[in-house]
Amino acid sequence: MPVLHNRISNDELKAKMLAESEPRTTISFYKYFTIASPQQTRDALYQVFTALDVFGRVYLAYEGINAQISVPQSKVETFRQQLYTFDPALDGLRLNIALEDDGKSFWVLRMKVRDRIVADGIDDPSFDASNVGDYLKAADVNEMLDDPDAVFIDMRNHYEYEVGHFENALEIPADTFREQLPKAVEMLREHADKKIVMYCTGGIRCEKASAWMKHNGFNKVWHIEGGIIEYARRARAQGLPVRFIGKNFVFDERMGERISDEVIAHCHQCGAPCDSHTNCKNDGCHLLFIQCPQCASKFNGCCSEQCCEELALPEEEQRRRRAGRENGNKIFNKSRGRLNSKLSIPDPAE
């Protein structure tokens, strides 16, 4: 029988990836389309991806597919062709190629079936997810940014917005996409007569959000084709000014792609200009936060003196303290209190 799940330890896989000599290309893509049998599709696609040495994170649901992966450079075109011929709905699918890439974004292939490819919390049976807003290409985005009648809405989470966003874009303060959707409707009521432009990292969240806004009575709704990644790529290729400021947070080991030279965030410990996310080195914490090199040295990669002290304890004592603890895996959020329960590297489907 074919192998449909990874059977090698994470440590072994990571060491193997780091020892690879061939460069890898980090790619993200998504597609909203009907999948009649997500589990069957998942198993078939897993075999295709495994044969091409693809690593990464892939979600499938009845509503489509959402993927962030890395592919050996010599196999990118083969991957593209096999993906396009796997299902007619995937033929010609746009692949977002990473803007900054060291090829070390993933080291294992995880492919899961979920209820939704993005957790939206929508349970309204009358909602039509296909009734989306109009696409905007790079040149159109820059025109809209200069339009006083347009309002840009960032459909990413607070830790993403903190390190980079479009000029004057509104933040919808929330920890998850499902929390953002009702807040966006509420916050934008006063802008109902404006042109609403929504964006996210690669397009998947803002596409669904645009449909949700239209469902709630907003008529002038656009979203950026391919999200921040494709916008920056096209703007650079066409010699256009790149109007995104700062860094684009990404959901893999890189944790960010530099878009502009500006550093708009600050170290969460000392306040110095910094936009580098990290996870607290204390395995009982793993807080996602921004830390400058000086504080990383001072606190040994930890988020606090308490975690620094705990990290210095014997491993057995650290394990004892971690046992049954419920306050690990958190994200720093200045807008809603210091700690909020989450994954170390947040789940892009949330």
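Just so you know, glycine gets a Cβ as well, placed from its N, Cα and C.
What Swiss-Prot says about this one:
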- Cys200: active site, cysteine persulfide intermediate (ACT_SITE)
- 319-328: compositional bias 'Basic and acidic residues' (COMPBIAS)
- 146-240: domain 'Rhodanese' (DOMAIN)
- 319-350: region 'Disordered' (REGION)
Subject >> DSSP residue counts for the domain 'Rhodanese' (146-240), split into helix, strand and coil >> reply: 44 helix, 19 strand, 32 coil
**OP:** Tally every other Cβ atom lying within 10 Å of the Cβ atom of Cys200 (active site, cysteine persulfide intermediate).
**Re:** 26
